[in-house]
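Residues or ranges marked as coiled coil in TrEMBL: 81-137. Annotated transmembrane segment per TrEMBL: 269-288, 300-317, 352-373, 385-411, in sequence order.
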């Protein structure tokens with residue numbers, strides 16, 4: 001029996017244990033074997049890493065571990081690690097060189113396509129200018145031909161602005177509003193699916209906020225009648241006004257980003273949200289007075305909440321009907337995929353008969369509230385500067401909404417008249433060809 005003191009399998013110095021080895025009955029132990037064991041015990045007092053480096057054989061391993069194997073000891077080959085690290089470094093350098101070559105090749109191809117896109121856009125503007133100049137001169141070009149060319153050019157613009165070519169064109173100016181909130185950051189999405197996702201998120205956001213636009217003022221008016229004895233407290237009203245400030249700010253930000261990405265949003269709607277933001281910010285500083293004579297002092301607030309309820313109903317109707325119309329216009333090539341629905345511009349036949357009266361009533365009611373606020377300020381009931389500014393803003397927004405609605409209806413009436421003329425012309429041609437096909441040939445020869 002031979003007893004040896006050696007380290008633990010963890011290899012930590014100072015953690016010693018005694019091991020006993022059963023030697024075979026092969027006669028007396030030689031002096032050489034005892035000398036080898038003594039040498040091993042002396043080396044165990046040194047650092048375990050230096051022991052492994054100097055021995056490098058299975059003698060110490062078999063003596064310390066007892067033949068459990070290299071895998072159980074946790075030892076690794078340093079040469080293999082260094083070779084693996086060198087291989088990874090070479091692979092990283094090769095990948096970096098390949099990526100740099102790909103980027104360089106892609107950049108050269110992109111520059112070539114960019115030049116072609118700019119040339120195509122320049123030719124499109126030149127042809128559109130020539131067509132407009134010819135249309136102003138009487139007899140220079142047939143009106144039917146001009147209409148067909150104009151429709152074809154509009155489809156070309158849709159392909160350029162709504163397709164992947166749009167990413168090759170120069171970025172539009174972000175505007176001061178985006179720079180004020182986001183700084184000099186490029187918000188133009190280069191991939192079309194990202195742009196469409198931004199637009200869909202914007203439409204979904206409008207759908208969600210339309211319900212809130214209806215629920216918040218309705219809840220305040222119901223609580224005013226049933227719980228608060230006809231007198232609104234200041235905190236709920238100010239929370240609602242803070243939500244309005246957040247709503248109009250986010251809508252303005254999203255619409256500016258959509259315009260940078262190619263959406264054809266009418267500028268008035270963005271300006272309308274700027275005015276609404278200013279009004280919500282000012283109304284937060286407006287003192288909500290209570291007793292005595294609470295009903296008279298809060299008359300303007302009550303009317304504003306009623307108008308907000310009607311606005312919520314109108315937004316729900318618009319979002320439902322206009323999105324269907326937008327999909328139809330996209331399918332017909334009359335609109336781009338990045339266009340959004342706003343105002344009354346997307347109503348279909350029959351739906352405008354429902355939307356237009358609601359919109360006109362809302363606009364008139366909005367102007368009435370603005371005039372009522374101005375009247376209460378000048379008469380002396382609540383002579384505060386917030387009342388005057390909010391009244392002016394409401395009147396301006398009502399006038400702008402009415403003008404935009406009338407402009408849209410005029411454009412729609414002209415478009416319908418042109419469609420009727422085109423349809424009538426096609427019906428006449430079909431009748432002539434059914435009666436005498438030779439008349440169509442003579443007519444076309446005269447036109448040529």
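Just so you know, the numbers here start at 1 and follow the chain as drawn.
Note that Cβ sites are derived from N, Cα and C of the backbone, with glycine treated the same way.
Please treat TrEMBL annotations as automatic predictions, because they have not gone through curation.
Taking Cβ pairs closer than 8 Å, the transmembrane segment (385-411) reaches residues 266, 268-269, 271-272, 275-276, 278-279, 282-283, 285-286, 300, 343-345, 352, 356, 359-360, 362-364, 366-367, 369-374, 376-377 in its own chain, all 6 or more past its ends. Using a Cβ-Cβ cut-off under 8 Å and counting only residues 6 or more beyond its ends in the same chain, the transmembrane segment (352-373) has close neighbours at 299-300, 303-304, 306-307, 310-311, 313-314, 317-318, 321, 344, 387-388, 390-395, 397-399, 401-402, 405, 409, 412. Across the coiled coil (81-137), the model assigns an average pLDDT of 86.
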